[in-house]
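The domain 'Sulfotransferase' annotation in TrEMBL covers 7-244. Here TrEMBL flags Lys16 as active site, for sulfotransferase activity. According to TrEMBL, the feature 3'-phosphoadenylyl sulfate binding site maps to Lys16, Gly17, Gly18, Thr19, Arg20, Arg99, Ser107, Tyr207, Lys222, Gly223, Arg224, Pro225, His226. Residues annotated as disulfide bond in TrEMBL: Cys208-Cys217.
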Amino acid sequence: GTSRQIPQTIIIGVRKGGTRALLEMLDIHPNIVVAATEVHFFDWDENYVKGIDWYRNLMPFSYGNQITIEKTPGYFTSPYAPGRIHDMNSSIKLLLILRDPTERVISDYTQVYYNRVESHKPVQLFEDIVIKNGVLNTKYKAIQRSLYDVHMEKWLKHFSLDQIHIVDGNTLIKDPLPELQKVERFLNLPSRIMSSNFYFNQTKGFYCIRSDGRERCLHESKGRPHPLVNSTVLEQLYSYFREHNAKFYRMVNHSFDWH
């Protein structure tokens, strides 16, 4: 009695915002099934040309009462994804998880840094990438990805605000349950995720998941320590994002506790 369904909900981003944590935590819910990998259907041309049946075949099997969710953080910053998703299903519900944009930049750098170290490639200090000739390097991709207002504008051309639920990534890590309950309500699902589904792992410094008699934590690549960043550079980043954040708050009628 199961079949593969095109997702009724997509986690569209943001990269290094907590998309994996959100997906794994939602997977606790009996009415949710999740795609195991990032599909990159709507943002990569070479996948999009393969067509909707190719996309559907990458989804897990589900029952009629279950919602299929996939997550690809690259969708949020893609110029093509909003229109393509709208063409597939104009009434789809979207989940967007965001965190403080400066923290997100540092986390983005940290991931690339560790990947380069593991591949024995040369690495640069954060400050040497972010500052060029004494000024902020606003062309740095990690900074571009944190301009939430710029990207949100593209999505609001195709979807109404009540189709996009924003999850506070900073809160999800500190206290997952209230954020997940908001998602349950947004998706019109019965309340099934409980505080007993989470326990704080002192070693890792974040919450892990307990469900179906199993305990699991996010991959070791998650929650890596960030480099200590020069305070002047931090201030420059905070200052640069301030106006963008204010514009974003106005767009979504909601403020966040960001620098």
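Including glycine, each Cβ sits where the backbone N, Cα and C put it.
Feature map: annotations from TrEMBL on the structure.
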| residue | record | Cβ within 10 Å |
| --- | --- | --- |
| Lys16 | active site, for sulfotransferase activity | 23 |
| Gly18 | 3'-phosphoadenylyl sulfate binding site | 28 |
| Arg20 | 3'-phosphoadenylyl sulfate binding site | 18 |
| Ser107 | 3'-phosphoadenylyl sulfate binding site | 22 |
| Cys208 | disulfide bond | 16 |
| Cys217 | disulfide bond | 16 |
| Arg224 | 3'-phosphoadenylyl sulfate binding site | 12 |
| His226 | 3'-phosphoadenylyl sulfate binding site | 13 |
Seminar exercise, completed: For His226 (3'-phosphoadenylyl sulfate binding site), the closest of the recorded positions by C-alpha position, picking from Lys16, Cys208, Cys217, is Lys16
Problem set entry | Spatially closest candidate among Gly18, Arg20, Ser107, Arg224, the listed binding-site residues, to Cys217 (disulfide bond) (Cα to Cα) | Arg20
Exercise. Where the distance is taken from Cα to Cα, which of the recorded positions Ser107, Cys208, Arg224 turns out closest to Lys16 (active site, for sulfotransferase activity)?
Worked result: Ser107
Exercise. Could you tell me the C-alpha distance between Cys208 (disulfide bond) and Gly18 (3'-phosphoadenylyl sulfate binding site) in angstrom, no decimals?
Worked result: 13
